[in-house]
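What TrEMBL annotates here:
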type: ACT_SITE; residues: Ser63; note: active site, schiff-base intermediate with substrate
type: ACT_SITE; residues: His68; note: active site, proton acceptor
type: ACT_SITE; residues: Cys83; note: active site, proton donor
type: MOD_RES; residues: Ser63; note: pyruvic acid (Ser)
Amino acid sequence: MTKLGTHLIIDAWQVPADLLNDPERIRHALLEGIAAGEATLIDLCVHQFSPHGVTATATLAESHIAIHTWPELGYFAADLFFCGSGKPEEALKILKTALKAKQIRVQEITRGFPASSEIEQHLENSLYQTVA
């Protein structure tokens, strides 16, 4: 596989509700995380829901970061996708520390496309299945 980027999918629990419901804290954590991850910010949108919860999305030159919070559950979900030489794990460290998450699960996906030999094999298999 030719790697194009790293995609981290995060679930975090046991997070203080006041931090999860603070749009400015989340904005600041994203900005710090973007810098730590050596990414380039294009746009940042932070929205506070009523009565509680925050969603923030950062469009990056290298892809994106999104975070969705459920203060009433002490939970947030985040998605960090960095292409190229960006460091999403560094951005994640900042988010975890800033929001004081006590429990976290990270799923890492390597994003990209198969090597040319894998593509050729896939095409041959697809053609065979279509004809058969």
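One is the number of the first residue shown, and numbering goes on along the chain from there.
Backbone N, Cα and C atoms are what each Cβ position is placed from, and that goes for glycine too.
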**Report entry** Long-range Cβ environment of the residue listed as 'active site, schiff-base intermediate with substrate', under 8 Å and at least 6 residues apart
**Finding:** Gly5, Phe81, Phe82, Cys83, Gly86
Query raised in the report: Any idea which of the active-site residues His68, Cys83 has the thinnest Cβ neighbourhood at 10 Å?
Result: His68
